[in-house]
Amino acid sequence: MPSAFQFQCHLVLIFLAASKGETRYLEVRDAGEDEPFLLLSEDLKRELSAGQIYRRSLRCIDMLSIEGQFTFTADQPHLHCATFFIGEPEELIRVDYDFVNIDCKGGDFLKVFDGWILKGEKFPSSLDHPLTTSQRYVDFCESGNIQRSIRSSQNVAMIFFRIHQPGNGFTVTIKKNTNLFPCNVISQTPSGRFTMVIPHQHRNCSFSIIYPVVIKISDLILGHLNGLFLKKPSVGCAGVGDFVELLGGAGLDPSKMFPLADLCHSFHGSAQMKIGCDNTVLRMVSSGKHINRVTFEYHQLDLQETEMKKENSIEEFCFPSI
């Protein structure tokens, strides 16, 4: 049975799929509990490709992966609402306030958060984000007209809002900007291929996949000699300065996940790992002394694969959770 974290993330992805169009535009593809994706119809794709601005109302809990203008109007007091935004790995999210009519003095609020928060856990973690946690919040009631456009630092962002008075609300326009060197990323899909590059920057970058997966690293360039080390209490990449680690866990925050393996040095070839955790993260730690690069691909792990052994696979983890 899926864990509570998987269920919540799958629910978020259902909102993501549903937010791409109205219900009449959606059709189900294998709508099982482990495959909660919906497909955009060709009708909506044609409308958007014609240059029209997509518009629709927001729900109290919602998810958006598409550009457009979105409006929330309260029909009753709404005290705990949030909208999640997600783009492709190489995109940044921009939130523009077009119209805001809320009662800040009466307890309403409208806040943009640079990243995601789910069950109190943040992505990116505080260790991997350039801003402090307090700086990642932009409160409309405090900034007002001073900051009416907010851009995320990665491919995810969200807004929190509380509105007491029926009829009050807001309108935002969501746009996406290109990110030449994507750092922290949440994958929209359970399979894919990605190359992460950190060009002489002292920063940490995490790629999060909220599914049990098989992940295969095909190329790693760190400017070191060859080598591969499994993480143990007394052995790891501490002191190396530049390395990649694989993490697994049941939450969203990479800093709270279990370290599974360290890759300390460059190699060309293939290193594969099966990770049966609810969330899998590939995290690169960079000192800024090198142009670090890692290429990997991943696909969702099924129960059959838990029983299969492959020559180039390193250790397996977290299988009791799937």
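Placed from the backbone N, Cα and C atoms, the Cβ positions cover glycine too.
In TrEMBL, the cysteine linked to CYS277 by a disulfide bond, out of CYS183, CYS205, CYS318, is CYS318.
Put simply, CYS183 is the one of the disulfide-bonded residues CYS81, CYS104, CYS183 whose Cα lies nearest to the Cα of CYS277 (disulfide bond). Here the disulfide-bonded residues are CYS60, CYS183, CYS277, and the one whose Cβ sees the fewest other Cβ atoms within 10 Å is CYS60.
Checked against CYS104 (disulfide bond) by C-alpha proximity, the disulfide-bonded residues CYS60, CYS81, CYS183, CYS318 yield CYS81 as the nearest. Within 10 Å of its Cβ, the residue among the disulfide-bonded residues CYS81, CYS104, CYS237, CYS318 with the fewest other Cβ atoms is CYS104. Helix, strand and coil counts under DSSP for the domain 'Corticotropin-releasing factor binding protein C-terminal' (185-306) come to 7 helix, 68 strand, 47 coil. Summarised by DSSP class, the composition of the domain 'Corticotropin-releasing factor binding protein N-terminal' (52-177) is 10 helix, 67 strand, 49 coil.
Taking the Cα atom of each, CYS264 (disulfide bond) and CYS183 (disulfide bond) are about 19 angstrom apart.
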